[in-house]
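S.K.: The disulfide bond annotation in Swiss-Prot covers CYS33-CYS84, CYS37-CYS58, CYS43-CYS64, CYS47-CYS66 and is backed by sequence analysis. Residues or ranges marked as domain 'LCN-type CS-alpha/beta' by Swiss-Prot: 22-85. Residues annotated as signal peptide in Swiss-Prot, with sequence analysis given as evidence: 1-20.
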Amino acid sequence: MSIFPIALALLLIGLEEGEAARDGYPLSKNNNCKIYCPDTDVCKDTCKNRASAPDGKCDGWNSCYCFKVPDHIPVWGDPGTKPCMT
């Protein structure tokens, strides 16, 4: 028995058309850096407005981290994004 069909099935479980998204740090409009996060409520609002993401939280370094960012929205570290200019 080949393991390929099993591996393919496991990869496809839970994926529906249009569901593609990833997690990441939204970019600041001013300098392409991660956005400062004073608290999780502010981050959740930032994620909704800047990254079209349904949820987010502050990470350990006071940066806003968003969940389920649509693929067409750039996040920090994406190929082709400009470097952070602090």
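Using N, Cα and C of the backbone, Cβ positions are placed for all residues, glycine too.
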S.K.: Summarise the model confidence on the domain 'LCN-type CS-alpha/beta' (22-85) as a single mean pLDDT, whole number.
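M.R.: A mean pLDDT of 96 is what the predicted model shows over the domain 'LCN-type CS-alpha/beta' (22-85).
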S.K.: Determine how many residues of the domain 'LCN-type CS-alpha/beta' (22-85) DSSP places in helix, in strand and in coil.
M.R.: 12 helix, 20 strand, 32 coil
S.K.: Output, ordered by sequence, the same-chain residues six or more apart from CYS66 (disulfide bond) with a CB under 8 Å from its CB, or 'none'.
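M.R.: Those within reach of CYS66 (disulfide bond), by Cβ under 8 Å and sequence separation of 6 or more, are ASP23, GLY24, TYR25, PRO26, CYS43, THR46, CYS47, ALA51, ALA53, ASP55, GLY56, VAL75.
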S.K.: Give me the Cα-Cα distance between CYS64 (disulfide bond) and CYS37 (disulfide bond), rounded to a whole Å.
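M.R.: Cα to Cα, CYS64 (disulfide bond) and CYS37 (disulfide bond) are separated by 5 Å.
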S.K.: Only counting partners 6 or more residues apart, tell me which same-chain residues put their Cβ under 8 Å from the Cβ of CYS37 (disulfide bond).
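M.R.: Once residues fewer than 6 apart are set aside, CYS37 (disulfide bond) is near CYS43, THR46, CYS58, ASP59, ASN62, SER63, CYS64, TYR65.
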